[in-house]
Amino acid sequence: MVLIRVLANLLLLQLSYAQKSSELVIGGDECNINEHPFLAFVTSDRRRCAGTLINQEWVLTAAHCNGKYMKIELGVHDKMVRNEDKQTRVPKQKFFCLSSKEYTMWDKDIMLIRLNTPVNNSTHIAPVSLASRPPVVGSVCRIMGWGTISSPKVILPDVPHCANIEIIKYSKCQGVHPELPAKGRVVCAGIWQGGKDSCHGDSGAPLICNGQLQGLLSWGGDPCAQPLQPGLYTDIFDYSDWIQSIIAGNTTATCPP
């Protein structure tokens, strides 16, 4: 069964939390503390997600991560240990499709957040550049986040975990997910044989290819990391003009075209 992974976040009060574990994002390892200066921990009254710092004032995450009392934490690794350069912000503006009827699991699941004050770059805080070209099938890319390290049982870690996955041909994903349109603005990525995957709590997390932000986790199979069930990531390259126009102040279009 396919579903939006954010649904599991609604049960956070019932979940078991874990300290550092040897079992990791599904099939991954604890991220090196210095490899994710752009990674943001995004929370609200409804769920926990991840996001990506793209310049000192703007963060990208998934539209379905929206909620009240949103908080964006940067410079975070172990959530139980405060880094000296950790910085916390709240949204000043949010640009996304306001109604869930305007975005789907394969289109417009993206939110651009303007922070209330810019962050200062530091050892553990620095932006990543947007994808400069479409995803290349077969490319090995990096996923990361504080999502569950086990599925279907949900165990949320204190530290982010990372894994390498591959860009998979879109038509292969259509074969598994027939509801996908002929051309969706998503990147299909994972391990076709299963074993490595992002999962519940990773929504909005970055897909990093060649050092650039190629995608944001949108949805996938449940349980996670199953064979023939790669994840679907919002394709950043397809939204780069909208993102750049908002940042430059050339448009106020809340919902991307």
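Glycine is treated like the rest: Cβ placed from N, Cα and C.
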Candidate cysteine (CYS162, CYS188) that Swiss-Prot pairs with CYS173 in a disulfide: CYS188
Disulfide-linked residue for CYS141, taking Swiss-Prot as the record, within CYS65, CYS199, CYS209: CYS209
Recorded disulfide counterpart of CYS97 (Swiss-Prot; options CYS224, CYS255): CYS255
Rounded inter-Cα distance in Å - SER203 (active site, charge relay system), CYS49 (disulfide bond): 5
Alpha-carbon spacing, CYS199 (disulfide bond) to CYS173 (disulfide bond), which is rounded to whole Å: 17
Cα distance (Å, whole number) from CYS224 (disulfide bond) to CYS173 (disulfide bond): 15
List of residues, in chain order, with Cβ under 8 A from that of CYS141 (disulfide bond) and at least 6 apart: ASN164, ILE165, GLU166, ILE167, ALA189, LEU207, ILE208, CYS209, GLN214
